[in-house]
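All remarks here apply to the structure that follows.
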Amino acid sequence: MGNALAVYRDTFPPSPTYSVNDVPDLTGKIIIVTGGNTGLGKETIKVLLQHNATVYLAARSPSKAKAAIDELRDMTGKEALFLQLDLSDLKSIKESARQFLEKEKKLDVLLNNAGVMMSPIEQLTKDGYDLQFGTNVLGHFYFTKLLLPLLLSTAKTTGEARVVTLSSGAGLMVDEIDFNTLKDSPARKKLGTTKLYMQSKLGNMVFSLELARRYADQGIISTSINPGTLKSDLARYVDSLIYKLILKIISYPVPMGTLSPLYAATYPDGKSLNGKYLKPWAREGELSKTATDPELGKELWTWMEEQVAPFESNAS
């Protein structure tokens, strides 16, 4: 009940005290934003470009990315850089990281923004995982893992590197990660697409906090984010007219959703944000007992390591 009340309150947050005008000058900073071709990702990139960051727009579709980059150039006069990334394909993720590592010698911020919400139950990743968990959690884990050596070397040089992972208040609404539902199975179909989405958002929280535990002493700052309920295309798979109407009523403009991720990515006292969960609008929130369970953190991390291990050899 407490989690449900917290989610309800966070759906109607107070007016923000933080704004995009508080973002510092980001000259010299290199940032990746996954899912940057649309919605919250694109709006976040716009602000980062306006504050002089070098930004890689990571997305699956070259044509959609190009259209977004052109639009961002028109709005900001700055050029985002395209990085092809399909988070539902582990082999593609490895290639994307390889391409980035060939181009850059540092990475200040990895903003794990991309996500899938309530996709049709029959949809799986290329490797056979539930599309929502496979994309939202496992895909971002593998991308982060591959870039971690560069993040660590950046932190050694500059004092810090940040990983900002988008979650949702929905992650507070479930009390476990059922590992039997992460690949196609009768248990997965029984759980249903809504709870699978909630479970993936819990997974984002658990991953982000476990990353903070493991690498805080090496300068990594890991934060999870509830950006708020936004008027974006994330809910494109929702087929309930009533639910769509409710979302329309309670949703906020997309630019509002940039406040928490921008705060986590650029707030000068970044170390104070390590392991934290930010809710709308750039306020510190409280994670559930499940999300903060260190045993679940270890279990999820170990499971994800096992899933990506076959792709770690040079032959893959």
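Glycine is treated like the rest: Cβ placed from N, Cα and C.
Some features that Swiss-Prot has for this protein:
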type	residues	note
BINDING	LEU40, LYS64, ASP86, ASN113, LYS145, TYR197, LYS201	NADP(+) binding site
ACT_SITE	SER167	active site, proton donor
ACT_SITE	TYR197	active site, proton acceptor
ACT_SITE	LYS201	active site, lowers pKa of active site Tyr
Alpha-carbon distance [the residue listed as 'active site, proton donor'; LEU40 (NADP(+) binding site)] in Å: 13
DSSP three-state assignment for SER167 (active site, proton donor): coil
For the binding-site residues LYS64, LYS145, the one whose C-beta sees the most other C-beta atoms within 10 angstroms: LYS145
Fewest-neighbour residue among recorded positions, criterion Cβ within 10 Å, set ASN113, SER167: ASN113
Cβ atoms near LEU40 (NADP(+) binding site) (within 10 Å, other residues, all chains): 27
Those binding-site residues listed as ASP86, LYS201, and which of them has the most Cβ atoms within 10 Å of its own Cβ: LYS201
Neighbourhood of TYR197 (NADP(+) binding site) by C-beta distance under 8 A, where only residues 6 or more apart in the same chain count: MET117, MET118, GLN132, ALA170
Recorded NADP(+) binding residues, LEU40, LYS64, ASP86, ASN113, LYS145, TYR197, LYS201 - maximal Cα separation rounded to whole Å: 26
Euclidean distance between Cα atoms of SER167 (active site, proton donor) and ASP86 (NADP(+) binding site), Å: 19
Where ASP86 (NADP(+) binding site) sits in the secondary structure, as DSSP reduces it to three classes: coil
For LYS64 (NADP(+) binding site): DSSP state (helix, strand, coil): helix
C-alpha spacing of SER167 (active site, proton donor) relative to LYS145 (NADP(+) binding site), in angstrom: 18
Spatial neighbours of SER167 (active site, proton donor) among the binding-site residues LYS64, ASN113, LYS201 [C-alpha, 10 Å]: ASN113, LYS201
